[in-house]
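K.L.:
What TrEMBL lists as transmembrane segment is 58-78, 90-111, 146-167, 188-214, 220-238.
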Amino acid sequence: MEHLERCEWLLRGTLVRAAVRRYLPWALVASMLAGSLLKELSPLPESYLSNKRNVLNVYFVKVAWAWTFCLLLPFIALTNYHLTSKAGLVLRRLSTLLVGTAIWYICTSIFSNIEHYTGSCYQSPALEGVRKEHQSKQQCHQEGGFWHGFDISGHSFLLTFCALMIVEEMSVLHEVKTDRSHCLHTAITTLVVALGILTFIWVLMFLCTAVYFHNLSQKVFGTLFGLLSWYGTYRFWYPKAFSPGLPPQSCSLNLKQDSYKK
């Protein structure tokens, strides 16, 4: 438990800072552009991470939203209830996960449709010999063809959105104080470590996507969708009254306590 607490303390000091929430979006954009430039001008040699079948890609990135959802759900529930003691407020905050699920579904559907309507079926990866009889990506692949269209980077989108969402939700740790002897302390500590590790995986795989996969325009659009999804929710919609709301902070908690005194 001691090692877990040390790891949690380190992650708190790294990911909970306001500077991280402020500069992480810019850091992701800069790394995407730098990685893409490196890919075009001086490609890195093939590595384990450049293989789409690597463990992190298959078991984490491919189901990135599922990992993010499953770890944020108990984290939001425990930390928000610990601070507010209001089940209604906790349910309201948990609706951020439903909003995130809707964003994930809508954006990936848009990407799929764009690839479909801009694509064609070819006989080889070199884009030779158009197969005009195949009008869908699925049918093309079933017949041994190769579909090529404008494939917006789903990895760039989802990893950007997930990393930024986790960092936003972890800001609540500024207010969370628990007794080490309480089971809640162990649960929150474990979740903080898990979410911290997950965030580093998302950032690492985002960098790998920038360096090894897709072209620049596909990654620009993917990252842009991720940034707009984050900004539209946590910076524009959630601060408003009719929304899932932001993670509880000192000012909102003080207002709540003052209303109880009245």
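Cβ atoms here come from the backbone N, Cα and C positions, even for glycine.
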K.L.:
Between the transmembrane segment (58-78) and the transmembrane segment (146-167), are there three or more C-beta pairs closer than 8 Å, counting only pairs 6 or more apart along the chain?
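P.N.:
These two segments touch.
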K.L.:
The transmembrane segment (188-214): which same-chain residues, six or more beyond its ends, come within Cβ distance under 8 Å?
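P.N.:
Same-chain contacts beyond the flanks: 4-5, 7-8, 11-12, 14-15, 28, 31-36, 38-39, 44, 49-50, 56-57, 60-61, 64, 67-68, 71-72, 74-75, 78-79, 82, 151, 153, 155-156, 159-160, 162-163, 166-167, 170, 173, 176, 178, 222.
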